[in-house]
Amino acid sequence: MSGTDHEAVSATEARRLFADWKAAPAIVLAVSGGPDSLALMWLAARWRKALKRGPALAVVTVDHGLRPEAAAEARAVKRLAASLDLPHRTLRWSGDKPSTGIQAAARGARYRLLAKAAKTLGASHVMTAHTRDDQAETVLMRLSRGSGIAGLAAMAREIERDGVVLARPLLDVPKARLIATLAKARIAFATDPSNADPRFTRPRLRELMPQLAAEGCDARSLVRLAVRAARADAALELMTDGAEQFLASLDAGSERPGVNARAFLGLAAEIQIRLLLRTLSRHGHEGPPELGKVEALAEALSQAAARRPQAAAKIRLKQTLAGAVISLTGDRLVIVPAPPRRGRVR
């Protein structure tokens, strides 16, 4: 990214930032009224105006119903959108709100509403205003939780979610540059007090960033870690694809369930774990399994195979995880959907 960390984003830079989405039919801009999303709207509008042909832009604000100021902020976004010749609509998160995990629940609701709006408007993409600062904080949060390589890759520039493509054109732009962009354009913005609420993890980690930066662990370094983790994760996913194909080839023409256990356990531990994650996600009915539990499963499979003879019909391990049944029987590793739990209404 050219320019210092406190310079306004130029029109030339904006063209580069948004260039990947020039051919999109329509794009929804997720704008809350805060500095990052207002800068996204301002830059996207200028970029689109400079194109002879390009995507239709529409602005969507989600009011979570959690702050009384949110309605006024949505109206302010609507006024600015109108001045930029952009259509705007406000969507509201209705219904009961959870007493715990409110931020995660609000985030999930926001993405669902944005995806629904995109489909209604015929938009292929939803753009959000995540910045370099957000990416660094995400890496720090995942480091603190002991995430694997995929987790440390943090947010992708593009990812499919809820049937639309979520795009983050500002992911390598410092927040300070977006604030400078608004100052230059004389655009006022709102501040969400929850972004500084110490009850939540992200604001607490944000407070630590200056101290970490003084030790060399600044946003740029954390984002560099995310880039390298993403590169390693992509390579490991390719290796996992190859391993999956290899295991399938061993049983070509056979109707035997599962895979060859000896061949599976001969793979590198990381590839075993990724194959288990894939298969459990495919056959389980309780959502994606926790990485730590899958790591424990891989270790249990290895120990079971090592200590017991491979009698043809001998069950050496059987357990359930994430709504799937895993069994190591003879020389076969089989993962199938678990039966519904007794008393559960389905």
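Cβ coordinates come from backbone N, Cα and C, glycine included.
Cβ environment of Ser32 (ATP binding site): Thr61, Val62, Glu73, Val77, Ala190, Asp192 lie under 8 Å away, each six or more residues apart in the same chain. Summarising the annotation, Swiss-Prot assigns ATP binding site to Ser32, Gly33, Gly34, Pro35, Asp36, Ser37.
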Shell of the ATP site beyond Ser32, Gly33, Gly34, Pro35, Asp36, Ser37, same chain only (C-beta within 8 angstroms of their C-beta centre): Val31, Leu38, Ala39, Leu40, Ala129, Phe189, Ala190, Asp192
Neighbour count, 10 Å Cβ-Cβ cut-off, for Pro35 (ATP binding site): what number do you get? 23
I'd like to know which of these binding-site residues, Gly33, Gly34, is least surrounded, judged by other CB atoms within 10 A. Gly34
Cβ-Cβ under 8 Å from Ser37 (ATP binding site), same chain, 6 or more residues apart: which ones? Leu29, Ala30, Val31, Thr128, Ala129
